[in-house]
Amino acid sequence: MPPGVTKTRNVGSLIENAEFRLTVDDLKVISEIMMQEAGIALSQAKASLIYSRLAKRIRKLGLSGFHDYCSLIQSSAGVDECKEMVAALTTNVTSFFREPHHFEHLRTKVLPQLIERAKAGERIRMWSAACSTGPEPYSMALTLLKEMPDASKYDIRILATDIDPNVLAVAASGIYEPALLEPVPEGMRRSWFKPLNDGTDRFQVKDELRRLIAFRHLNLIGNWPMKGKFWVIFCRNVVIYFDNQMQERVWSRFMPLLEDDAALYIGHSERVSGAAASCVVNDGVTVYKKSGGRSLK
Ligand SMILES: C[S@@+](CC[C@H](N)C(=O)[O-])C[C@H]1O[C@@H](n2cnc3c(N)ncnc32)[C@H](O)[C@@H]1O
C-alpha cells in the first residue's frame, strides 16, 4: 500500500481492510470478461488473487477503485486494458524440462521416427500450445537437438503460442536468469546458451536453438490459423484454468490437427475428456497417442 493510504474496512468488499473495494458485482464483471476473452473460469475463491493483481493496474492507471476499473474494461476505450487484465490474471509458472518424463518419452518414443521422416524430406511440426516464457518449447528443441544436432538443416520446427504478449516477448528474447537454467543439463547449457554479457549474469539461447521455434500469439479459445498437422502437441497446465466444456472443446479441436499416431502431452492434473477421449490412447503418464482409426472432423 502506498505511503499515506489509510486501511479502512470496506463495506461490501470481498477483501477485508483493503485499499480498494472489490464487490461481488465487480468480480462478476471481471470473471465474465476473463471467460469471454481467455476461457478462464474465475470463482469467488480467487478474489484475493484478482485483488492483488488488479490493484496494481488500478494504481498504475490512477483509477479510484474496482468500480471505475470495471467501467473501463466494459467500454470501447478499455480494449487494451482487457488484454492487460488477461495478462495480469493468467498464471505463467513454467520451467525447463518441467515433468521430465515427457521429454524422455519424446526423446525415446517419438523423435526417432520423426527424425527419420525429416531426413527423408518430410515436413515435421510440433506445437507448444501455451508456451508462457519459453522453457517448454526450448526444452522440446533441446531434446530434438540432443538427438539431431543439425536439426535446423531439415524441415522440422516448433510452433510456440500463448495468449499473453508479455510472456511471448520474453520467450522470443530467449534471455534467462541462471537459476532458471538449473534443470538444463550442463552439456546442453554449454552447447546452446551463451552469456548475455550485459553486466548481468543472464544467458541467452543461441541462434541455432532459437531458429527451430516460431513464437506466435494465439488464443486457445479463438481462431487457429494453422492448416498443417502436428506430430507432437504439448498443451500443459493451461486447460486446468478452463471449465469442463471449454476443456473438451480444446481437446476436440486438437484432434484434426494431429497426425495419426502423433503424441499429445498434457499437464499432470489434466486428462483428455469429451469426444476427443475416444480418438486417443494412453501412451504413458499424461501422454496420449492419436489413434489412427478414428478422427474428429
Ligand atoms: C501455467 S502456464 C503453462 C506453461 C507451460 N505450458 C508449462 O506447462 O510449463 C499457462 C499459460 O497459459 C497461457 N494461457 C492462458 N489462457 C490461454 C488461452 N486462452 N490461450 C492461450 N494461452 C493461454 C498463459 O498466458 C500462460 O502462459
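A Cβ is built for glycine as well, from the same backbone N, Cα and C atoms used for every other residue.
Positions annotated as S-adenosyl-L-methionine binding site by TrEMBL: Asn92, Thr94, Arg98, Glu136, Asp162, Asn219, Leu220, Arg236, Asn237. For 15-293, the entry in TrEMBL reads domain 'CheR-type methyltransferase'.
Around the Cβ of Arg98 (S-adenosyl-L-methionine binding site), 19 further Cβ atoms fall within 10 Å across all displayed protein chains.
Ranking the binding-site residues Asn92, Asn237 by how many Cβ atoms sit within 10 Å of each one's Cβ puts Asn237 at the top. For Asp162 (S-adenosyl-L-methionine binding site), the Cβ neighbour count at a 10 Å cut-off comes to 28, with all displayed protein chains included.
Counting every protein chain shown, the Cβ of Leu220 (S-adenosyl-L-methionine binding site) has 21 other Cβ atoms within 10 Å. In three-state terms derived from DSSP, Asp162 (S-adenosyl-L-methionine binding site) belongs to an extended strand segment. The average pLDDT the prediction assigns to the domain 'CheR-type methyltransferase' (15-293) is 97.
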